[in-house]
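The structure under discussion appears below in the form of C-alpha cells.
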Amino acid sequence: MYFINILTLLIPILIAMAFLTLVERKILGYMQLRKGPNIVGPYGILQPFADAMKLFMKEPMRPLTTSMSLFIIAPTLSLTLALSLWIPLPMPHPLINLNLGMLFILATSSLSVYSILWSGWASNSKYSLFGALRAVAQTISYEVTMAIILLSVLLMSGSFSLQMLITTQEHIWLLIPAWPMAMMWYISTLAETNRAPFDLTEGESELVSGFNVEYAAGPFALFFMAEYTNIILMNALTSIVFLGPLYHINYPELYSTSFMTETLLLSTTFLWIRASYPRFRYDQLMHLLWKNFLPLTLAFCMWYISLPIFLAGIPPYT
C-alpha cells in the first residue's frame, strides 16, 4: 500500500516535469515570435515523451578518463534528491507528515550540491569542474538567504510543519506582511535552481555547457529531469510559504486546485523571466547576495523576532 502511495506521488510529478519542458519551449517560442514544438502529436503535446525515448535509447557515452562510479552516481543522486524533497509537501496530505518538514526540505536541497560537485569532478574536464565550482558556490551562497527568510516566516507561523504554515494563512497570505522577503525568496529560488538570469553554470560562451558537459543520453536526461523537478518543487514551496492555498477539511480538492494554480503561475513566471532577462555577471550575482540580500534578510529576521516580544504576542502553535 505504501509503495502505491509513493507511485501516486512520483508519477504525476514526473509527468508535470515532462510537460514543463514543453511549456517552456512553447513560451520561449511565442515570445520570440515563432511556434515552438508543433510536429509530434497535436500542438506538439507528445514532444516530451519523444525526447525522453530518444535520450534513454541512445548509447550513454563515457569518456575514458572519467571516474566511472561517481560519473553514474551523480545524476542518479540528483534526481533521487529532487524527488525525495516532495515527501513532506502537503497536497493536501503529505506522504509523511513530518513535524520538521521545512528543515527536511532545507537539508535535502543542500545535498544536491554533492551531485553537482561529483559530476564536475568525475568528468575529468576543466570546463565541467569550473561549471561545478560555480554552481556549488552559487547554490551554497543563496541557501544562506533562503534559510534566513524561512526562519523569519516560521517565526510568524510558530512551527516547522508545512501544515501549520497553511493554517497560519487561513485569514491572510504571508505575502502581504512579508512582501520584501517574498521578493528576495523568489529571486533566491531562481538562483538556487540555476535558472536564467542566474544560469552562470551553463555559460555557453565560456563553459560550453557547465558541469554536465561530458554527459549524454540517459545520465544527461537525469540531470535535466532533476532541474525541472526542482523548479516545480521550489514554486510549490513558494506557494505554501507565501500564498497559503485554500484549505478546508471537508473539501480537499479545493486545496489541490488552488495549490496547483499558484504553482503553475509561479512556474510560468520562471519561464517568462528566462525569456526576458540577460544573464548576470558572476561578480554581480555574488554582490547581490552578500551585499544586498544577506544584510536585508538579517535585519528582517531581527524585526520578526523582536515584534512578537514587544507586543507580548505568540504565534499560532498547535
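In case you wondered, yes, glycine gets a Cβ from its N, Cα and C as well.
Record features, source Swiss-Prot:
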- 3-23: transmembrane segment (TRANSMEM)
- 70-90: transmembrane segment (TRANSMEM)
- 100-120: transmembrane segment (TRANSMEM)
- 146-166: transmembrane segment (TRANSMEM)
- 171-191: transmembrane segment (TRANSMEM)
- 231-251: transmembrane segment (TRANSMEM)
- 254-273: transmembrane segment (TRANSMEM)
- 294-314: transmembrane segment (TRANSMEM)
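Only sequence-distant pairs (6 or more apart) were considered; of these, fewer than three Cβ pairs between the transmembrane segment (231-251) and the transmembrane segment (294-314) are under 8 A, so the stretches are not in contact. Residues 20, 23-24, 27-28, 31, 90-92, 166, 186, 190, 193, 195-197, 231-232, 235-236, 238-240, 243, 245-248 of the same chain, all 6+ positions outside the transmembrane segment (254-273), place their C-beta atoms under 8 angstroms from a C-beta of that stretch. Using a cut-off of 8 Å between Cβ atoms, the transmembrane segment (171-191) and the transmembrane segment (100-120) share fewer than three residue pairs, counting only pairs 6 or more apart in sequence. Contact between the transmembrane segment (146-166) and the transmembrane segment (70-90) holds: at least three of their C-beta pairs are under 8 Å, each pair 6 or more apart in sequence. Cβ atoms under 8 Å from those of the transmembrane segment (3-23) belong to residues 37, 44-45, 47-49, 51-52, 83, 86-87, 91, 95, 224-225, 228-229, 231-232, 267-268, 271 of the same chain, restricted to positions at least 6 beyond its ends.
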